[in-house]
Structure formats: structure tokens, C-alpha cells
Amino acid sequence: MGTVVDAPAVVAEEVTENMLGGKKVTVVFVLGGPGSGKGTQCANIVEHFGFTHLSAGDLLRAEIKSGSENGTMIENMIKEGKIVPSEVTIKLLQEAMIKSENDKFLIDGFPRNEENRAAFENVTKISPAFVLFFDCSEEEMERRLLGRNQGRVDDNIETIKKRFKTFVESSLPVIEHYSSKDKVKKIDAAKPILEVFEDVKAIFAPYAPKAE
């Protein structure tokens, strides 16, 4: 009867295979506070390592713009100050990955909190290869963001502090969860852009396109 006992293990194994739309996918979550420079580095990773960059925010905005029923619902929720349910964002990410010709994805700015993370794994049955975490002090982020926008400095500093606090409170539990699984690649994002990219390149080396 040994075969009957062994059977469930095989099923569990398939869940971790990261199959989506008939292909095996590699997913990297990219997290970092405002001003951590993750946008710049995502563009570099796309260019050098052939990943497709998916931003949860961009996908939600595109859905709203499309005028679909789903888009109208999202727009109304945002107008009413409600948080868009994780499942809605996850479905958009899932559709984008299925439609894409690619099988390597950077998911930027998601999961924003522990609930997002659990929902993503439950809905898609995908576990990320790793989390790329751009670690940057609040002072450094403030300096960068204030350098970007001219305007009423007080407002800007208050807003930046709030954004940073939100990021720390909601995203750090996600980073801790993946740290416990040894899946977090932490980058010192305070360094100059080129130096940061050298660190990024070392992490992504195994995913470099094979030479023809």
C-alpha cells in the first residue's frame, strides 16, 4: 500500500512548480521604499537579463483606462478611498504573466503587505524565486525625493515621512517572512546607481540570457 501514502507528496510538489498558463515562470518581487531607486534598477534588469517588468500600480491604472467593468469598479474604490482587494490586483498580474511571451517577471511594488503576499501565493500557486529588497535609510530617501521635486518643502517632508512609515509598517513583515525562508536578496540602495547595479548584476547572474 506504500504507493497510496506517497501520492499526496507528488501533488504538493506540483504546486511549487510555478506553472502558469502552461509555462513554468520565475517571479522576483521587488520591494523598496519611495526614493530607493528600484525603478531605475528594474529598467536595468529588464535590459540586461530579459525579465518583464510588471508594476501593480501600472496594471491597475491601465485597467481603469480601459473602461472595463473591472476598471470602473477599481476606479470607484480608489475614489471612495477604499483599498483595492488583493485578489483584483493579483488577477491582473496573473493575466499579464499568462499573456506575456516571457517566463521571467519582476513584480514591482507588490506584495505591499502580508495579506497581499498570502493571497498571491494562494491564488497563483506561485512562490517567488526571491525578493529583491532595496534597503535605504529614511534620511537618504528624503534627500533624493526632495532633490526631485521643487515646491513647498514642509509638505514634501511630511508626505515623504508618511510614505516611508507606511512602507516600513506594511512591507517589512513581508520581507521578514521571506527572510525566514532565506529568499531575500538585500541591496544597499544608498550607494551610487552604478554600484547598486553591480550588486544587482551579481544576484541576477544565474538568470543571464544564454549566449547564442
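Yeah, the Cβs are placed from backbone N, Cα and C, and that goes for glycine too.
TrEMBL does not curate its annotations; it predicts them automatically.
Over in TrEMBL, the protein carries these features:
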| type | residues | note |
| --- | --- | --- |
| BINDING | GLY35, SER36, GLY37, LYS38, GLY39, THR40, ARG148, LYS191 | ATP binding site |
| BINDING | ARG61, LYS82, ILE83, VAL84, GLY109, PHE110, PRO111, ARG112, ARG152, ARG163 | ribonucleoside 5'-phosphate binding site |
| BINDING | ASN116 | CMP binding site |
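Proximity to GLY109 (ribonucleoside 5'-phosphate binding site), judged by a C-alpha distance within 10 Å, picks out LYS38 from the binding-site residues GLY35, SER36, LYS38, ASN116. Counting in whole angstrom, ARG61 (ribonucleoside 5'-phosphate binding site) lies 21 from GLY35 (ATP binding site) by their C-alpha atoms. Here the candidates are the binding-site residues ILE83, PRO111, ASN116. The one whose C-alpha lies nearest to that of SER36 (ATP binding site) is PRO111.
When Cα-Cα distances from GLY39 (ATP binding site) are compared across the binding-site residues ILE83, PRO111, ASN116, the shortest belongs to PRO111. LYS38 (ATP binding site) has PRO111 as its nearest neighbour among the binding-site residues ILE83, PRO111, ASN116, going by CA to CA distance. The closest partner of THR40 (ATP binding site) among the binding-site residues, by CA position, is PRO111; the full candidate set was ILE83, PRO111, ASN116. Candidate binding-site residues: GLY35, GLY37, ASN116. Nearest to ILE83 (ribonucleoside 5'-phosphate binding site) by Cα distance: ASN116.
Non-local contacts of LYS191 (ATP binding site) by the CB criterion (under 8 A, 6+ apart in sequence, same chain) comprise ASP199.
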